[in-house]
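K.L.:
First the structure, which I've put down as structure tokens, then a few questions once you've had a look.
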Amino acid sequence: MTTQVVNVIGAGLAGSEAAYQIAKRGVQVKLYEMRPVRQTPAHHTDKFAELVCSNSLRANTLTNAVGVIKEEMRLMDSVIIRAADECSVPAGGALAVDRHEFAAKVTEYVKNHPNVTVMNEEITEIPEGPTVIATGPLTSPDLSAQLKKLTGEDYFYFYDAAAPIVEKDSIDMNKVYLKSRYDKGEAAYLNCPMTEEEFDRFYEALIAAETVPLKEFEKEIFFEGCMPVEVMASRGRQTLVFGPMKPVGLEDPKTGKTPYAVVQLRQDDAAGTLYNIVGFQTHLKWGPQKEVLQLIPGLENAEIVRYGVMHRNTFINSPNLLRPTYQYKQRDDLFFAGQMTGVEGYVESAASGLLAGINAARLVKGEEPVVLPPVTAMGSMANYITATNAKNFQPMNANFGLFTPLEKKIKKKQERNEAYATRALETIQNFVNI
């Protein structure tokens, strides 16, 4: 075993995964996590891999790119996906987890590894020696200043938004119905149907509601995958009906008709006592937020256990700064992982940590770093963030559009996606023992 130690800064999804991958390869890890010594504006616990936006790790099917990336990670012994599978709650064709159980399990697996030493302290300087920086979208000001100095790049600021969570017992079950869109998978969502009149009343209240003021010096950039519902609404009345409130595939079993609009609620914990309001990330003040949400049929008396909040998110200009191995171009033993690289989403963040961790371990063992080909989901993400246009670089979720095109064109979308998945999983088999 090598005596060299790898520093991993941040025990979120990416940092926890990186630490585990390094440790399982016989390399000592010092995992630095500033919580609970210093908290962030969005975290509430001292657990590793705390989920702060939604409890869903999104699609679990192989006809979706994020489902493919999960399967690749399973094959490569991802601690994040293993914990998620063990803590899953009903969510139709998606993989959703009991967030508290999930964080506890990741913490247990990583903390108890004999090659991992956890250091509960804030890092304010970039360490010398092999290091993985996975401090996430809420990197502390001192370390942010050091990273800005290191990269010579300006950070880009934008806001991720968290959806409200309500108590199931406070939902009027006579007004909602259990159904997944197009009856895919098990019926996992509670649906709140709206007539056009009810939608109009809700819409007018939403666009008139008061939001929390943003700091003047921070430029507003919203990532489409986690955009506040009031920002979507400001783009026009139909944005919601064709977005998070789209009713297609959600016929009301009582009437046999498709409602004008539907608000979906998804189970948030294993016990099934909490539900989050899907797609309703918001920056509304809490008083107006409650008034608006109680205009949704079935939620007139809803007990809100967590109001929607927004927090800053930060990412570096990876095309200028990183290689597809997640190494910093100007320093071979410095790696970045997670959302600060411009991968967007829980699963994508963990996947970047997996690859950065593998390559950090390989580096200290004198082995060549691995570049996964872009026919794989993980390889396509690494390729995107390092090879795309640096001038217009924005965060990106996993999607088949990032994959190397298929040699043969396939017209039908499902068959095409299945072909992408088959090719990816066949290719990743060549890397499972690295």
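Even glycines carry a Cβ here, placed using N, Cα and C.
What Swiss-Prot records for this protein is below:
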BINDING   Gly10, Ala11, Gly12, Leu13, Ala14, Gly15  FAD binding site
K.L.:
Can you list the residues of the same chain, besides Gly10, Ala11, Gly12, Leu13, Ala14, Gly15, whose Cβ falls within 8 Å of the FAD site's Cβ centroid?
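P.N.:
The surrounding set, listed in chain order, is Val8, Ser16, Glu17, Ala18, Phe48, Ala49, Ala134, Thr135, Gly136, Ala337, Gly338, Ser349, Gly353.
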K.L.:
Is it possible to get the count of other C-beta atoms within 10 angstroms of the C-beta of Gly12 (FAD binding site)?
P.N.:
31
K.L.:
Within 10 Å of the Cβ of Leu13 (FAD binding site), how many other Cβ atoms can you find? Include all protein chains, please.
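P.N.:
Its Cβ shell of radius 10 Å holds 33 other Cβ atoms.
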K.L.:
Out of Ala11, Ala14, which of these binding-site residues shows the lowest number of other CB atoms within 10 Å of its CB?
P.N.:
Ala11
K.L.:
Can you tell me how many other Cβ atoms are located within 10 Å of the Cβ belonging to Gly15 (FAD binding site)?
P.N.:
31
